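Pulled from TrEMBL, these are the features on record:
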- 19-212: domain 'FAD-binding PCMH-type' (DOMAIN)
- Arg162: active site (ACT_SITE)
- Ser239: active site, proton donor (ACT_SITE)
- Glu342: active site (ACT_SITE)
Amino acid sequence: MNPRTSELPKLAAYTTLRLGGPARRFVSAATSEDLVDAVREADAAGEPVLLLGGGSNLVVGDAGFDGTLVEVATTGYRRDGGIVDVEAGQNWDAFVAGLVEAGLGGLECLSGIPGSVGATPIQNVGAYGCEVAESIVSVELYDRETREVRTLAAADLGFAYRTSVLKGTDSGVVLSVRFEVREDGLSAPIRYAELARTLGVEIGARVPAAEAREAVLKLRRGKGMVLDPADHDTWSAGSFFTNPIVPSAEAEAVLKRITEVVGAEVPQYPADGGVKLSAAWLIERAGFAKGYPGPGNRVSLSTKHTLALTNRGDATTADLLALAREVRDGVHERFGVRLHPEPLLINCVI
Ligand SMILES: Cc1cc2nc3c(=O)[nH]c(=O)nc-3n(C[C@H](O)[C@H](O)[C@H](O)COP(=O)(O)OP(=O)(O)OC[C@H]3O[C@@H](n4cnc5c(N)ncnc54)[C@H](O)[C@@H]3O)c2cc1C
């Protein structure tokens, strides 16, 4: 079957921010073969390609995308014991829900995250003390440079906090992802203090996966982090900024400055090569409270979570980026810490 090709609506129709101008061409691929063909054809024609899963980590400029938008619309997964192979376009949370229902554990702390399975390795999706890197065995991808399908083991994917070798390069098309899950029906060890409190357990405990999923969904809903079309606080790309990692060599001076400015201890967490700070904490202490408005009140920080930049209904990408710049520059001026955006910015910059 050939991929469906049609003239296009704006990218705003495909992103959770509901922002972004038109693409030149739109192709929806429902099988891996169609997906590879669509990308191969566009490459042969010298046409830029934008891969689209659930559009929940994309900020697209108002001018849109001058190339082919390829929607990854493959679905389904196969399980053999604790090994599960999942098609890239499969909705992530429906997959996690299916595992939990089948009594399989390991991914429940990542419940409620929007988007597709194929996008999860790109930025090593994580939440509540878990990351997909812990459960991914390998990724099958179409390499646009060699034009071959190959399998990359987790060890070769360069997973780190909210990144992998696939992030920021469009050379690989994820076709499927292999996960290893727990067959004892228990969750991964609970590592996140707020989640442990909600579950009434100690850090490190394991609980029935279904209980962990319910607790995570409850916490996420309270922060506007579960998609709800009726709730503008969820018209976002999730966390707009990553938590900054201050290199060890600079950490002492940076922490001293923040403590002096704020007059309080700075929450900090050990991280590879330095100290991880909380972007939300810094944003709030720099004077940007929940609900802080951007241009014309068309965008604002979420009223439930400082880290989410949201579209209040009739925003443009330019509005969103103006707010992002104000927050980033405000934090830098006050604390000397530079925040970096987590979503992929397409045809726009902050
Ligand atoms: C309300 C909300 C809450 C969120 N919470 C979290 C969270 O807790 N933790 C977290 O880590 N993220 C979170 N996110 C961000 C986002 O959901 C994840 O990054 C998700 O994995 C993106 O999936 P997607 O299919 O929507 O990707 P898209 O936005 O469609 O694409 C993201 C990037 O991946 C590329 N891509 C997509 N599919 C493929 C593929 N098959 N092969 C190669 N490249 C591909 C795209 O080209 C793009 O560059 C949240 C977002 C929202 C809106």
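Cβ from N, Cα, C; glycine included.
Under 8 Å, Cβ to Cβ, and six or more positions away along its own chain, Ser239 (active site, proton donor) finds Ala279, His305, Leu307, Ala308, Glu342. The Cβ of Glu342 (active site) has 20 neighbouring Cβ atoms from other residues within 10 Å, across all protein chains displayed. Take the CB of Arg162 (active site) and look out to 10 A: across all protein chains shown you find 17 other CB atoms. The average pLDDT computed over the domain 'FAD-binding PCMH-type' (19-212) stands at 96.
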